[in-house]
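Annotated region 'Disordered' per TrEMBL: 1-27, 104-133, in sequence order. According to TrEMBL, the feature domain 'Core Histone H2A/H2B/H3' maps to 15-93. Summarising the annotation, TrEMBL assigns compositional bias 'Basic residues' to 123-133.
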Amino acid sequence: ATCSGGPPTGRGAEAKKSRSSRSSRAGLLFPVSRIDRQLRKGRFAQRVGARAPVFLAAVLQWVTHKTMDMAGKISKRSNQHRISPGHLQMAVQNSSALKQLLLGKPRHHSRAVPQSQRVAAPSRKRKAKDRRR
């Protein structure tokens with residue numbers, strides 16, 4: 001090794017690690033770094049953990065894979081070579097898990113009863129009477 005600060009020579013050069021993306025380290029196809037950047041930029045929370053974008057990328061990849069797989073089977077059954085938006089819609093409607101996830105239907109697995117946070121507003125009839133006086 002040289003003291004001049006130049007590139008290392010000898011055994012030090014071999015020990016240098018090659019860079020790999022967070023997506024490849026997690027074994028995913030979806031971009032973990034892009035999701036991380038958008039989570040931070042979106043200000044959804046003050047702090048974002050290191051594993052949060054990896055988990056979100058894995059979930060998005062699973063949903064996409066399941067949807068495209070089912071849409072591909074539907075298009076194959078209808079003797080078409082391309083997946084159309086109608087095939088995607090039918091895939092979501094045929095799968096109960098995707099239907100709950102994408103259409104926003106609530107799951108009823110918890111025992112807790114949601115409480116209403118609304119505060120009763122004064123009635124409009126009283127306001128009208130007060131204005132007449």
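Just so it is clear, glycine is given a Cβ too, placed from its N, Cα and C backbone atoms.
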Helix, strand, coil: count each for the residues of the domain 'Core Histone H2A/H2B/H3' (15-93), based on DSSP.
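Counts, helix then strand then coil: 50 helix, 0 strand, 29 coil.
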Looking only at the domain 'Core Histone H2A/H2B/H3' (15-93), what is the model's average confidence as pLDDT?
94
